[in-house]
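Everything on this sheet refers to the single structure shown next.
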Amino acid sequence: MWTSCTILFTTVLIMNVETDDSRVKQITDIVFGVQRHLYSGCVSLLLSSAPEENTSSLRLIKLLSARGIASVTLSVPMLNISRDDAECRYNRPLYVVTQGETLRLKQFAATMSLTGPTWLLFSNQSVTLESLLTDVYIPFDCLFLVAREDQKGKVTLLEVYRVNRTTPLLSLQLALWSPKFGLMWNKKSFYERRNNMHGVTLKVSAYQSPPLTELKHNVHKLEIGGMFGEVWYSLSRELNYTTDVHSPEDNAMGASSKNGTWNGIIRMLMDQVVDVAVADVTMTSRRAVVIDFSVPLILGRSCIFIRTPGSSYEALNNILAPFSSGLWFTILGAILLLAAFLSLSYHAVRSYDNTEKPDLYTVPMALFCVFEIFCQQGHDETPRSLSCRLVYWVSHVAAVVLYAAYSGALISSLALQRIVPPFRTFSGLLQHGGYQVATLASSAQFNIFDETTDETMSDIYKKLFDKSMPSTVLEGFSNLCSRSNYAFLATYSSSLPILGSLNCSVTLQQLRDTGILRRIRNSVFSIEIEESETPWTSVSLDAVTPMFIILIIGITLATLLMFLERQTVSLLQLSGKGHKAK
């Protein structure tokens, strides 16, 4: 009898070992297929005991290693998703969980979100999913797989999730494993499988910031208008959810204070008063720590707006700007060279012919004559020799071409209204020191200056910031047009629709998008800035002041020279009469 019992016990033991070994190989094959299909970088086995105490776990690790998959063992209490995600260099990690660890997993899910890694739970067919994952909140964006084996030896991979904490568990077959064919996957993408939120009501926060978000008060509830409102309700029709709108009491986006607290919409998200914020929330590193962001709908930048300053003209620069310094020196050299050729030709002709008058083109007279030609002036004497006339002709042609080019460039520079900004950088704004800077209260732009470690930005906040911050973009631009030396920091997207209704001039930069978002934006930003049509560009007095100064100086010098010449002639005549009298 003892012999029969021993044989029976040995047979059962061998069958259990073979069953466990087959089960481990099955799990290895499934883990390998999931890891390859989802491109997971790390595989972690969640165990309740040390791997050396569990022969099945050691066997699983060896089989995975033989297939080129490096795996580690972790205990659920020591699990840290954020740390493991950082250590996993390639894509999201894969956590493999056995049914025995479900209780510990429930405890973990009660304190931390499961979103991030991919989860693979092996469960028996006898236990229902709802009872297995009772009180486990699997978020809508979490990829949680449950492997369940049927009586035929096939394993079904179900992805399970909940729309929110109060909704029942939803499941969908993602893959089917069989010993013969391995894993056969559902061809639909993640977003195609999660395209229905089953009518759940999402609590949404928004604030008045037209045209991006506009709060519309209906009879029974608030609704969101503007560009982001259209995007949000387009998503609600596609994903089948409803909206419950809440607005912050301070109508602010949210900024952090010195003690680390937040206000506005950011605070409502942190306190889980709302699920989503439908607003133009600027993404910053500090905000990214406390809230999550969707993909950006607007790629923009913050700019400082100031009233358009008057045209800036520089007297000497206006006169000399049409030609480069090199060309001016070339013209001067050409005048000297032509004068030298004129004088040389004159003296050469005079050496063998007396057709030219004496002392007509000495070096000073030749230089003065060529200078007159370049000033478009005429002469009372015309050379008779062919060589001197050739020098005259070359001088006149060069002078006419240069005169036409100079006149055209000068008139163009006077007609073109050049707007020179008083500063181009934050350092320039600080050095100028004459502008008062403001931005929206409780905004990301305010925190840029309030929490900066940059010395320049900190000095601007301490020295130039206006203590009375505007609450809306419209109020900020109203201050910009009514107060002198006022600089307003805002984003292009929020400023664009307001600029058309202002009575002061600003500069715009066009934004480019495509597809549905572009259509929505074009309908929202349909406001066009009307510019007064002026057929002529008026040249201001300060633009031509240098010309008048040169004219006055020339007239004054000519008058002084005339008096000096008269005095010189009078003295010479008196001196001549004195000599005759003797």
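Heads up, the Cβ atoms here are built off N, Cα and C, so glycines get one too.
Unlike curated records, TrEMBL annotations are generated automatically.
Predicted, not measured: the structure shown is a model, and the values here were computed from it.
According to TrEMBL, the feature domain 'Ionotropic glutamate receptor L-glutamate and glycine-binding' maps to 211-271. Taken from TrEMBL, the feature signal peptide covers 1-19. Marked as transmembrane segment by TrEMBL: 327-348, 391-416, 543-564.
In terms of DSSP helix, strand and coil, the domain 'Ionotropic glutamate receptor L-glutamate and glycine-binding' (211-271) has 21 helix, 17 strand, 23 coil. Beyond the ends of the transmembrane segment (327-348), by six or more residues, the same chain brings 320, 356, 360-363, 365-367, 369-371, 374, 383, 385, 387-388, 390-392, 394-395, 398, 402 to within a C-beta distance below 8 angstroms of the stretch. The average per-residue pLDDT of the prediction over the domain 'Ionotropic glutamate receptor L-glutamate and glycine-binding' (211-271) is 87, rounded to a whole number.
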